[in-house]
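In TrEMBL this protein carries:
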- 6-68: domain 'Glycosyl transferase family 3 N-terminal' (DOMAIN)
- 78-327: domain 'Glycosyl transferase family 3' (DOMAIN)
- Gly84, Asn115: anthranilate 1 binding site (BINDING)
- Gly84, 87-88, Thr92, 94-97, 112-120, Ser124: 5-phospho-alpha-D-ribose 1-diphosphate binding site (BINDING)
- Ser96, Glu230: Mg(2+) 1 binding site (BINDING)
- Arg170: anthranilate 2 binding site (BINDING)
- Asp229, Glu230: Mg(2+) 2 binding site (BINDING)
Amino acid sequence: MSFSPQEALHRTIEHREIFFDEMVDLMRQIMRGDVSPMMTAAILTGLRVKKETVDEIAAAATVMREFARPVPVADTSNLVDIVGTGGDGSHTFNISTCSMFVAAAAGARVAKHGNRSVSSKSGSADALEALGAVIELQPDQVAAAIEQTGIGFMFAPIHHPSMKVVAPVRREMGVRTIFNILGPLTNPASAPSVLMGVFHPDLVGIQARVLRELGTERAMVVWGRDNMDEISLGAGTLVGELRDGKVREFEIHPEDFGIAMSASRNLRVDSPEQSIQMLRAVLDNEPGPALDIVALNAGAALYVAGVASDIGDGLARARAAIANGSARQRLQQYVETTRALVA
């Protein structure tokens, strides 16, 4: 007998947990469109108020992965996702998108899962499109891009078609729900390592433990104390690191890596055009906080991908990839490859 949406709602109202198998059953019903929009909204609200547990999030992510269109990557060694939940409200340029080109040029392979803008002036999909890349690639085309360039961008609407069932509910609700934290957990290429930025400090430990339940090998989940969903230059950054099946939580600071602190307002942009300008300046090796934050985040991605021995080593590799022009070349190569794949 399936787990009824009514029982799920009762549980959340009473602040009681929905167990893993029950949540799997419930999510399947929701994703199939078997639960009414009103009941779906009520359950999502109840979960948010109760606060979602590690098991509830892991179960929901398991179902989202089930319903996704997977990217068939034959060799997942050194494959990493650089992703953020968005919603941090910082309006910075596309740090994780820029970091993707740097990390790939320095030896990682990046399978980035993203969408259009949530909190920034320009989401990863918007930025890549503005740079000239084709973002609406089918799963086999993404796999080919990873094979040829070390970079694949998976545009969420193509890989998660069943999300259209809940899209109107989420839009009408207009508040954060469990779905805001599921996107970064449902990489269609099954990247074994992840650098994930989150919008709330509580999620640092939670998401690291969810990733462990989902079988991720290596991860760093980060939240900057200045409310950035990246490793920040403006404050300390809380880190939940998953390695060897254990989660360790600690704090890092830019000075630990010889980088001067710099307020996040120095990275803010007012338009997608400005964001692209800043991204290109970084890849042109223009010194400043934008280059520093990209190199630091790319360095962390290289560490979790198993390319670098630690973040400091990753930072040095990232700086070298920017300085020698290979990161800029990787961007050009990626743009040309995506165009050729759909030609």
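Every residue, even glycine, has its Cβ placed from backbone N, Cα and C.
Here the structure is a predicted model, which means the values were calculated and not measured.
Where TrEMBL records a feature, it is marked here on the structure.
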residue : record                                              : Cβ neighbours (10 Å)
Gly84   : anthranilate 1 binding site                         : 26
Thr92   : 5-phospho-alpha-D-ribose 1-diphosphate binding site : 26
Ser96   : 5-phospho-alpha-D-ribose 1-diphosphate binding site : 28
His113  : 5-phospho-alpha-D-ribose 1-diphosphate binding site : 27
Asn115  : anthranilate 1 binding site                         : 18
Arg116  : 5-phospho-alpha-D-ribose 1-diphosphate binding site : 17
Arg170  : anthranilate 2 binding site                         : 17
Asp229  : Mg(2+) 2 binding site                               : 30
Glu230  : Mg(2+) 1 binding site                               : 26
Composition by DSSP (helix, strand, coil) of residues within the domain 'Glycosyl transferase family 3 N-terminal' (6-68): 49 helix, 0 strand, 14 coil
Residue among binding-site residues Thr92, His113, Arg116, Arg170 with Cα closest to the Cα of Glu230 (Mg(2+) 1 binding site): Thr92
Reduced DSSP assignment, Arg170 (anthranilate 2 binding site): helix
Integer Å distance between the CA atoms belonging to Gly84 (anthranilate 1 binding site) and Ser96 (5-phospho-alpha-D-ribose 1-diphosphate binding site): 8
Top Cα neighbour of Asp229 (Mg(2+) 2 binding site) in the set of binding-site residues Thr92, His113, Asn115: Thr92
Euclidean distance between Cα atoms of Gly84 (anthranilate 1 binding site) and Arg116 (5-phospho-alpha-D-ribose 1-diphosphate binding site), Å: 12
C-alpha spacing of Gly84 (anthranilate 1 binding site) relative to His113 (5-phospho-alpha-D-ribose 1-diphosphate binding site), in angstrom: 9
Between Gly84 (anthranilate 1 binding site) and Arg170 (anthranilate 2 binding site), the C-alpha gap once rounded to whole angstrom: 19
